[in-house]
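Under the heading domain 'CTLH', TrEMBL lists B:49-107. The annotation repeat 'WD' is assigned in TrEMBL to B:220-261, B:265-306, B:454-480, B:481-513.
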Amino acid sequence: MDPRQFEHIVVNDNDTHSIVMSYLLHNCFSETADSLASSTGIKQPAIDRDNLERRKQIIHFILEKKALKAVELTEQLAQDLLEKNKDLHFDLLCLHFVELACAGNCAEALEFGQTRLAPFGKAQKYVEKLEDVMALLAYEDPEKSPMFHLLSSENRQQVADNLNRTILEHVNHPGYTPMERLLQHVTVVRQYLTEENGKDVFPPFSLKDSLKG
Amino acid sequence: MENGSWEVLGSKGLVKRHEFVRIMVQCLYSLGFKKSASCLENESNISCKSDDFAILEMQVLSGNWGSCLGVLDRIFDNPKDDVRNTALYLVFKQCLFEYLKRGDASSALNVLRKQAPMLLVGKEKIHRLACDIISSKEMESGEVDNCLVQDLRKRLLVELEMLIPSPIVIPERRLEHLVETAVMDQIDSCMYHNSWDAVSLYKDHHCGRDQIPSETVQILMAHKNEVWFVQFSNNGKYLATASSDCTAIIWKVLDDNKLELKHTLQSHQNPVSFVSWSPDDTKLLTCGNAEVLKLWDVDTGVLRHTFGNNDNGFTVSSCAWFPDSTRLVWGSSDPERGIVMWDTDGNEIKAWRGTRIPKVVDLAVTPDGESMITVFSDKDIRILNLETKVERVISEEQPITSLSISANGKFFIVNLSSQEIHLWDLAGEWKQPLKFSGHKQSKYVIRSCFGGLDSLFIASGSENSQVYIWNLKNAKPLEVLSGHSMTVNCVSWNPRNPRMLASASDDQTIRIWGPAKLKNQLDNRKLQ
């Protein structure tokens, strides 16, 4: 079978709709999901709406620089989740520290650091990040410091995605969407084919090129 | 400005007078003579603490951080110097601690954001300071205990002392160090140095001949034929000798350093050419070139076990023990026998046989039991690490007749029939061996050994009936001992008595050598 003859494979509409739906629900786009359901007529899978709304809130708090509120909601949702995921807990607390430092609230940042962050310093794996975060205090303008990446929205998004995934896995839902998995598969398979047959026959997978059509 | 800073001392004018006085003052202080030290400071107008350091001390103890940093900045002029930045970092840390204890967070932040960067302390140190604020428990605001603050300031001063270079701060105990260096140099060039006693400062250290064995103190006559091997036990209390009269004898070393016969071990049917003491000295192995291997109990002299049998032309050339005194290994000059490891009950544990194992001339196990050294008749020395199975080969150019390991297991010597003794290191870092010569060896198996304080000497037998002693520092013999009338086959230095040496000869005797007494007797007579 020639891997280039994939155009003959028939793709069912329902399948594509399901993939998009699962992506929307994973990322808490509840209104868009409702809209998709009514337009296409496919049924929404029986998911926990309450869980989804909470996740939506939590993610928003993180992106809106309210990390401590996100922590509070998470603890309400699942009491032991942060205890069992110390790395994530640490990342969230660091976000709060960064928020305080950026707001110029140094005395509070100092106290928060001494009471909530310092205990993490006992484990070697947190020491490097802790040093980076603490060092923000040495700069009047944290944006101009070498650790400016800690202030970026990309950083916040990454932590938010991580928390979202962890909550889903905590309630026994898959942590990754089928969409992501499919893209990962395509990339790997294409890579394999490139290695076996050369770049001219099978160029590596590029999403940008695929979107151009 | 120090007095007489242009004056020099000593016959070569190499020593500066003011420096000499200053280290003397330091020495008096460190020995506890505060009054004398202070007195000397006054009389000579040279103080132990430099002016700069005195200023720094004052600023640190009173917490004037700005001035303190200024002094340090002046002392260390290169901003890229990590020692400078470490010193500044320590001062900043103390400063931050004191601000935070008072609850003055804004001053603390000012230190981090303005003062530290201004002094070019370096990003790494500033980040570490930020981390220290958070992570150190001491920095939380609370009761300001004045005693604690003063203690910490004193500790800071001590740490700064270790970083500041001379001449502002001189290294601790400088005079002691210089004297010790001189003494060590003298010991290094002392060829007869063989004792652990501390050296006297009143005269240049120079040991005399009386430190090493050089005269016969006893002749042991009990064997009825050539004596081929001699070895002291590990605890130095016994001596074992082996002879072509087919026996081995165990002698006891008495309190007055004389030896007395304890047991004669009779059972072999052929000449005995090798013995080996178990590490715990409770057992003795004997073997010969055309003979089996026998295990004896030292205390009773009773034969415990015989390995092999005389029917098949069995031959064991050499054997060695493992540190547990229950496992032993033998090497045979018969390739079919190879090298075999046994336990004392007679069970075979492991064997190395085959084409890669030619005739074994001699073998030894390191005192820690980790490596086995084997000398093969094709002039190869193979060092096998028994744990990792890694093997290293040294190829000599002349036939080797014997092997001996030093007490610390770091070195070994081999006698070559080209009349040289080669010293190699076990670790394998040396590309060339140290070579010693002067003795005679061409036809027979002649053996050598390490001995004396820290194995700093080597002794060897010789075909010209003399015993040769070398200091490892020199390739030529230090002493040549005469007394035997025929070839000296083997020597052994008492591991617990660096002044006792034994030698075995074809003249059927064993000689015990000790230090020369003549000089001491003369001195004693003078005193009377």
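Just so you know, glycine gets a Cβ as well, placed from its N, Cα and C.
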Please report, as numbers and ranges, the same-chain residues at least 6 past the borders of the repeat 'WD' (B:454-480) whose CB is under 8 Å from any CB of it. 188, 191-194, 209, 212-214, 406-408, 411, 413, 415, 421, 423, 434-444, 446-448, 486-491, 493, 501, 503-505, 507, 511, 513
For the repeat 'WD' (B:481-513), distant same-chain residues with Cβ under 8 A (at least six beyond the ends): 194-195, 211-221, 223-232, 234-237, 239, 241, 243, 253, 257-259, 407, 444-453, 457, 459-469
If we skip the immediate neighbours and take only residues 6+ beyond the ends of the repeat 'WD' (B:220-261), which ones have a Cβ under 8 Å from one of its Cβ atoms? 268-277, 279-281, 284, 286, 288, 296, 298, 301, 445, 447, 486, 489-497, 500, 502-512, 514
Over the span of the repeat 'WD' (B:265-306), how high is the average pLDDT in this prediction? 91
Is it possible to list how many residues within the repeat 'WD' (B:481-513) are helical, extended or coil according to DSSP? 0 helix, 16 strand, 17 coil
